[in-house]
Structures are given as structure tokens and as C-alpha cells.
Amino acid sequence: MFVSCIAPRIVGVISFSIILTYETYKSVVVRSWPLGIVYRLMQLIIISYFVGYVFLYERAYQVADTATESSVITKVKGFGRLNNAVMDVADYIYPPQGEGVFSIITKIIKTDNQFQGRCSEVTHLEQFTHVFSQCIITGACNTSAGYCEIEGWCPAEDDKVDIKPMPEFVNFTIYIKNTIRFPRFNVSRENFPSTKSIKNCTYDKNTDPFCPIFRVGYILDETQQNVTLLGGEIGINIEWRCNLDHNVNSCVPTYSFSKLDAPFQNASLSKGYNFRFAKYYKTEDGTDYRCLHKAFAVRFDVMVTGIARKFSLIPTVINVIAAVTSVGMGTVLCDLILLHCSKGAQYYKEKKFEEVSEEQIHESLTLKPGSQLSIRRGNSSCNDSGAVSLSTNC
Amino acid sequence: MFVSCIAPRIVGVISFSIILTYETYKSVVVRSWPLGIVYRLMQLIIISYFVGYVFLYERAYQVADTATESSVITKVKGFGRLNNAVMDVADYIYPPQGEGVFSIITKIIKTDNQFQGRCSEVTHLEQFTHVFSQCIITGACNTSAGYCEIEGWCPAEDDKVDIKPMPEFVNFTIYIKNTIRFPRFNVSRENFPSTKSIKNCTYDKNTDPFCPIFRVGYILDETQQNVTLLGGEIGINIEWRCNLDHNVNSCVPTYSFSKLDAPFQNASLSKGYNFRFAKYYKTEDGTDYRCLHKAFAVRFDVMVTGIARKFSLIPTVINVIAAVTSVGMGTVLCDLILLHCSKGAQYYKEKKFEEVSEEQIHESLTLKPGSQLSIRRGNSSCNDSGAVSLSTNC
Amino acid sequence: MFVSCIAPRIVGVISFSIILTYETYKSVVVRSWPLGIVYRLMQLIIISYFVGYVFLYERAYQVADTATESSVITKVKGFGRLNNAVMDVADYIYPPQGEGVFSIITKIIKTDNQFQGRCSEVTHLEQFTHVFSQCIITGACNTSAGYCEIEGWCPAEDDKVDIKPMPEFVNFTIYIKNTIRFPRFNVSRENFPSTKSIKNCTYDKNTDPFCPIFRVGYILDETQQNVTLLGGEIGINIEWRCNLDHNVNSCVPTYSFSKLDAPFQNASLSKGYNFRFAKYYKTEDGTDYRCLHKAFAVRFDVMVTGIARKFSLIPTVINVIAAVTSVGMGTVLCDLILLHCSKGAQYYKEKKFEEVSEEQIHESLTLKPGSQLSIRRGNSSCNDSGAVSLSTNC
């Protein structure tokens, strides 16, 4: 019933009177300077907030793209001395392919000529109580000496050896090739200053902030950590913060460095960073043997984050509307003052509110039969043509 | 012309009358309890929706940061028996560096002593019709027996061998070091309960949900899949869901496990997960030979997702404005009822709408010369000083 | 004082009169067809903008999830000839585990039988002036010939050798298994058409756009780059753009290919893509020697981006409110025209604005003592019961 009452009227409103009338709010203007000051001050605060904070500071007129596509290729250079041998990239980089996450080995504890078999290993007694056995123990134990016979690659590793880490490590250089793409705006950028030769440059945050070649020692100094001895994990953050409303050439990366395992500094377990790998050999008669490497390394993690911003209509419109609507909200506070706390509150009320009560309607319906008739006519005309404006006799 | 008419008036409005007047909407108050109930009910629904759903449930007063920086280091422990040899981490982890994506080999089919040369391989006839040759065939074929001579590393691999996967695999433990940073809020967290020793803990979602050491068997049980035989891919999801309005120590990870290749279960091609690699040797006279490994492995993929939320003014203000504006929208429905479906509709219309028609304006202009004059004066004064308020004689 | 004045009134307003009265704006309806046309036209523009652009084009009624979890497994097939040997996957893929980022080696410069020791290397003089020494030089130099003795793996690599890249490379196939999950909507998808056998298919953007097996030559043709000689980096973009309001089966990936190092084409440093790795051997007497490989490779980077959209109440409500509010903003422009630029401006002003001045209030307060009393009563009644409606005598 409600729908059948409303629907034709909506159609009527749209079809006929829309081009004929203009509807605006009736306003009450109060000439009172204290109230005016409060009112305008509130509007000023609201406008300042939107202009200053929302639009200028938070740039709410732009959309952001953080879902970036990025590729990183790294290339390390440098020679170092370890265990009386000269190490080059093929020896100390894991993995060798120049990925964004790579480890530079600074120290290796080698256990050479390991064959499958049985041997004794220093085994701490508490390990026996551990719920998961961490090595295969044959059962022949000399508990007083703390030795147990184990089965596996023999001789067992003895990682208590004191080995000096590679001192030349700090002079290695890392060349990082990074490209980034913001798919939302279809913009690609590379970390490579097109105007400049990078052949002999070295990164320095003050003098050469766009050079993509980094000295390891510089990175370690920046993170203020000594990771050479036990290994560690260093983050190389490449941050792209681009305002694409400006020239795209001003979209350049900034580099920063962080020690990623810093929160683990106080952990009793696993200080530093190391991993084990083996090189496999065969004897003349075809028996396998291996050389186990416990490598202490510094892992570099090139992490690329990007955010690009560009003007967009939708957030702009929504925020402008929010701003304009908010300006009108100054009236809420002022109305409270005006209608409750001002001297002439009662007078204002009479001016602002026009009252209509049920009794008045009752009166108007019974006393003015013409009006009553018009309603009947209105109802029928709605069902007939639907062409009734908001302010006609319908 | 339009601009020249409007511009000085806007200036005038701003410069003079702004501190003097306060403008508010004139309202019509209808004392009718059925309409009042509908009106207040609608306002209640709208307010409930915003308070309950938008603010409390969806937390629209916060901004979220999902663009996280995260680093993962893994360390596997455990010994296993495969092909009559004891395997340790250096033997079964690929790659060895402790990355977030790593494979634990559970079964290896070895083809030892492969030399470059020619040999025969079981070749199915349909392979000949395949558009891309998958091996280099010399052309000497025994089609009746299904054998063809191939060129390459000989003897060819025979992967039909039945080999038992490493049974100790389920007792291996994986230690995961994970740090996460929310750059928007500059908050870093690690998956390491600072208040607790993790030396001997093992993850259990009920009894020890924050321990970062996982038993492989537990993970397999959680994913309810048997991947040991043919290999598979397991996702270890670390989810950070942080409300930074609370204490930052309550920002802890939750772990979950999923079988990533589950959608491929029914695929005819490539069940499970395996890959081939080789170990290279040299004979005494310098000839290269290799041992080809077809490794069936379980790949673990540590995936870190994070979302941090924090109170922010902009979404709060926008949503509060949306809420307040929406409350006012109750009038749209009520006006429809009031003006079209109520008994006193005609009377209400007279009260709500004040009509101004072209004829009235014409009359007012011809009958009241003072008013006409005032408009002329108004126009000129706009051009003169611009100091005209909205409600003065301009 | 202000709070103590307002607070009880607000309570009063809520507790008593809320169900009794309905408040609506009093409107002025102007029957003028030029103004009506402008007014309706503006409303039409605003509605068209919201319906057409905001809702249909930008789909502002949906929320998006771009923080996807994705896993990629790759498998390469094919045999090639390089340096008079047949290469298979175990020989040319780095790393071997089938990761989303992998390199196919197309050319290898081998430096065999390297032992630790001293030898001479072609050394360019400018290298001596470089701030970081890139190799360990013993000091014995023959500067006229440009040779210097170095210490390390000898003989030194001579990468000026001309070697033909593997021609069969273009016929290799890459099989990509990709699963994606949108955690916000908890939807998982795989790049595997469930309705179709993929056993013998090959990707072609026109004839077979959903086949996950790619011929390398096809990818190179698409990127229109010759990377076989010096190596390079190819991006395989898998893009998931899903409208989850539709059938989930229509959520399928699209593939595209790009040459990632294209921006570096003109760089003087490091054209193409290559890396060094070594295979290690032992002589009979246990001396280590190695075979250094300088591998030119094409690196494939499978990059998965995903965005899923689904209807959500909050953005819909906010945008509908923005739309409805915006429609009302048509009055701002029309009021400017009406009140300043129309013939009957003065008359309209009288109708739109009802003025209340301080003098009138003063008059009303001095001349009508009943009104003044009512205010005093109102104040006291506020403190007494708080049960005062907006339009009663308070």
C-alpha cells in the first residue's frame, strides 16, 4: 500500500515538474555578532583542517598504488683471504645467481673427508632428554666423558675451532639493479640515474645518494653493528615514494639499511647467521665423501617498497563533499547555543521552528472542505496521470 | 558576465558580513507521534548501523597498513636414513641458506656415473608426435621395443625404481625467525616471545602457540595430507593482525598451515613435487661425469602477511560525517510519507513549501519601485565596493 | 557553564520529545523554468557522474583485496647442445628447485682446472686507481704489457672467448604452477583450467590463453628482445583480476611478458645478465681445484599480482551518501544565481531569508515579559527535570 502510494508520485515528480521548479532551503539569518563569530570561527577551523591536514598533509586528493612489481639483480665484487686461500665471488656468494636475497660468507669451518660410517661425537647429556633426537645415536655411549657414538658422516664436525673471518669483506662492493613498476598507473622506473655515469661511483647518502653501488663496510657502518664474526642479516631498503603529479624523473629511490635480526640480539638460541652445506667428491673406487662447510655469513635482503600517488577524482570529490558538509556542521553547535544558551532563545525558537500539530491538521481538514477535496483529487490524479508536482494540489 | 556578477559578491560576502550574521535552516516541526516514531526509528537504525557495524565491527576509525617489510630465516634440524646412508641438513635442504622457501628432500632416485655419450632410452611413441622434442634423439630407433637411442648423459635415468622415503622426516624440526615492520607506523615486531625461553619448546596451536620451532610431522598432521611419498608444497602462514591502539606487545603472530598444491591434486600432469639436480665429478684423466638426482621433496613456503591498524583522524572524520549526514537522511523517507501518504498532506505541504512564482516576482518588480531601485543600487554597489551582505539591499 | 547549560537539555531532548515530533527543513519552491533547468541539469550531471563513473566504472561499491598469498612452482623441459655436450635441466637451471625466479643458462665460459696460486692476468691500468681493489695483486707487474701477477685461483679467467649460445634454448618449455589466495575473501584459485587437459597444450595468447606451459621462444617473441647472446631478465606476469560478485570460475589469470632490464639497455655497465659459479673437485692427493663457470643466462621472474573485488556495504553506503549529498549541492550554484543574478533577486532574498536582529530580540525581551519569564522557567526546568522539548517553552 505504501509503495503503491509513493511509486506513482515519484514518477510524477520526475516526469513533469522537474524542469519547472527549483527548491532551496529557507534560512533564518541571525544578526548577532557573538554568534556570528562563533559560527565563522568554527567554519574556519573546519576549513583549515580539511585544507591543511586532509588535502595538503595527507594528500587525500590522490590515490595510492602500493602493489608494486619489482625486480632486483645484485652483483658482488671483491676478493678475500680465508683459510690461506683467496676467495672470489664464486666461492663466497650463496646463491650465485645474483638474487635480491644473498649471503656473503665471511667465515667457514670446514670438516674435510667425511665418509659415511660410525664415530664418536661430543654429546651433551641434556640432548638425550630432548623430545626429538637431533642425531642418530648408535647407543654406544661413554656418558662420563660425554661422548656417544653416532652414525652418519664421519668424522663429526667440531665447530669450536677459532677461525678469523675474511677481513677484506668490508671492501666488497654490491651493485644493485632494481626496476619497479606501479601497475595502477603503468609507470616503470629504475634505480639508475640516466644523466650520470655510474661506472666508478660509490653510494654515500650525502655525496652520492643515487649511486647503486654499495661498499659493504659503508652498509655495516650505517647499521652500526658488528656482524662479521658471527654473521647476521642486513636489510637494504629501497624506498620509492613517488608523486606522479610531478615530473616522473623526480621519482627516485632512497636507500636505507637496517640490521634485520636486531630483535634477536638477546636470544639465547642462534646468535648470528650461519648455514651448512657440503661439497661432494668421489674416491677412485667410487665411494662418496664430502667436505662439510659451516658457513658464517652476512645475509643481505634487498627489500623494495614503493608507493606512488596520483590525483584521482573519486577521493577528491568525496573529500570535498566531506569538507563542504562539515562546514555546514558548524550550525549544530551554534544552534545549541542559540536555542538554549542565548538571551533570546525563546524568540529564536519561534523564528526557527514552525510548529504543526495534529490538532491543526484536524482543524484544517474539518474546517476547510476545499483542502480535503484537493487531497481526494490529488490521490486520484496520481493514479491517473502521475503528473503531479511536489507543490501542486496533489 | 556570470562570473563578473558573482565574483565581487563573493568577495563582498567574505569581507564584510561574515562576522555579523549566523545562518541556520528554518525547520518545520510536526507534532505527530506516528511520524515521529517512524522518524526516530529510522535514525536509530542508521545510528546503530554506523556505531555497530562501521565503527565497532569494521573499525572504520582506523587506517590499515598491509604493505609490510618482512624477513624470514629458517633452520632445519634432524637426521634421516635414505638409501643406506645417513642424511643431515647439508644433504637434504635446498637451498642451504635458510631462506623462507626451502625444500626438504624425502626421497632421491640417483643415476650414478653418467658420462656424455649415446645410449638407448625407453621412449613412448606419442612423444615423437609432440611438437617440441623433449630429448635429443639420434634417430636410431627400435620402435617395436619402444627404445630409441639418445645423445646426452648416459646411462639415461630410470625413475621407475621403488625407493622408500626417509621415515625420520616427520621428526625434523623447523625453526623460523621472522621479523616484520609496518613502515606506515614504523613498528617492528619479531616472532619471538621476549618473556619466554624457546630453547626446548615445540609449537602446538593449543599448548604453545608462540613457539617458533615446528615439528614437520605436526605440520603434516595439520594439513591432513600425505606428501612424504611424492612430495608436495606446504604453506606456513604467519599472520600478523595488530591493533596498534592497544599495547604493542599484544601484536603477536598466528601460525597456520596449508597444502599449497591441493588444487592440483586431480591434475594428470605432475603430481607431487620433484626436481632434478646433479653432482659433478672428474675422472683421473679429467673427464666429467655426474650423479643425477631426481629429488622428491616437500617444499615449505613461509608466507608472512600482516595488517596493522591504528586510529586515524581522516577516516574517523569522514565516517562520522557520513553517519551524521545519514541521520539526516531519515527525513527523505518521512517527507515522502508526510507529503503524500498522510491525512493532512496538503496542509503539511503548505507549511513546508513556500511558493514563489514568476508572476509574483513580476508583480513585486512592477508594483514596488523601491524594490526595483534597490536591485539597481545593489548591482552598482557590487561593482563599487563589493561590501554587501547576503541580506542587505544588494 | 556552557556544558552545564547544554547537557541537561540534550538529555531532555532525548528522553522526552524524541518520539513525539518530526523535524524537516522548510523549503522555498521557486517556480521559474530557467532556474529549474539549471537546477535539474546540475543534479543530472552529478547523478550521471556517480552512477556512470564512481559506481559503474570505478566500482566504488566493492572493496578490493590486493594483499594476496601466492605460490609458484616452475618446471623447465628441454635438451640443448653447448660446448659439444648435451645439457639437460640439471645442467642449465639455477636454482634447481623450481622456484618462481630461475635462470636458464644459455652460454658458459668455463675456466677449468683452477688451483690456488699465483698467475698473471690482463689488468687495465685504470683499475689501479680505483678506490677498491677488485683483485688481489701481488705487486709484480709488467705495466708496459698491461699484465700483473695476481694471487688466487689460477689460471685466471679469460672471458673474451667467443662461444655460441645454446640454440635449442628457444624450444624449451616452462610449466608454471601458480596458486593464489585472497585472504580477505578466503578464496583460492589455481592457474589450471579444471575443464581441460593441459598435457599437450602450449600457451598462445590467442588460441590457448589458459595453458600454463610456455615455449621460451614464444616469450622472447612477445618481449621482442634478443637476450640469448648476453643474457637478460624476462618478467612473466600473472595477473588475477577477479570480480567475486560473479561466478568464481570466471576468476582466471592473464599472462603477459616484459623485459625487466629494458631500462638498463643503454647502461655502459653490465649489459645482459651473467653470474659466476664453480664446481669443486679434489685431486688424488686431496688438493682442491675447481672449474669456474661464467654463465650467461636468461632469468625468468614469475610475478603474480592479484586484485579481487567484492561488494561491501561500507563503501557503498559512503558513496551513496556522497552521491545524495552531492545532489543537494546543486543548490549552492543555483542560490548564487537566484540571489545575485536574477531579476527578482531582492524578492527571493526576502523569501529565502528571515532576518532576526539583536534589536528585535531586545524588543521581544523587554516588551513581552511572559517570554522572558518563560526563559527563566526554562532554565530552571532544565535543571529540574530535563524533560523539555525543542519547541516547548524551555
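If you go along the chain as it appears here, the first residue is 1 and each next one adds 1.
Just so it is clear, glycine is given a Cβ too, placed from its N, Cα and C backbone atoms.
Annotations in TrEMBL come from automatic prediction, not curation.
Within A:Lys160, A:Lys259, A:Lys294, the residue that TrEMBL lists together with A:Lys75, A:Val76, A:Lys77, A:Thr173, A:Asn274, A:Phe275, A:Arg276 for binding ATP is A:Lys294. Checking the recorded positions A:Lys77, A:Cys211, A:Cys242 against chain C with a Cβ-Cβ cut-off of under 8 Å leaves A:Lys77.
The Cα atom of A:Asn171 (N-linked glycosylation site) lies nearest to that of A:Lys77, taking the recorded positions A:Lys77, A:Cys154, A:Cys201, A:Cys211, A:Lys294 as the candidates. According to DSSP, A:Asn171 (N-linked glycosylation site) is assigned to a helical segment. Contacting chain B by the Cβ rule (under 8 Å between Cβ atoms), the recorded positions A:Val76, A:Lys77, A:Thr173, A:Cys201, A:Phe275, A:Arg276 reduce to A:Phe275, A:Arg276. Non-local contacts of A:Asn274 (ATP binding site) by the CB criterion (under 8 A, 6+ apart in sequence, same chain) comprise A:Leu230, A:Gly231, A:Lys294, A:Ala295, A:Phe296, A:Ala297. Cα of A:Arg276 (ATP binding site) to Cα of A:Cys242 (disulfide bond): a distance of 42 Å. A simple way to gauge crowding: the CB of A:Val76 (ATP binding site) has 20 other CB atoms within 10 angstroms, across all the protein chains here.
Of A:Cys119, A:Cys154, A:Cys201, A:Cys242, A:Cys251, all annotated as disulfide-bonded residues, the residue with the shortest Cα distance to A:Lys77 (ATP binding site) is A:Cys201. Straight-line distance linking the Cα atoms of A:Phe275 (ATP binding site) and A:Cys154 (disulfide bond), rounded to a whole number, equals 19 Å. In the structure shown, across all protein chains, A:Cys242 is the one of the disulfide-bonded residues A:Cys119, A:Cys154, A:Cys211, A:Cys242 with the greatest number of other Cβ atoms within 10 Å.
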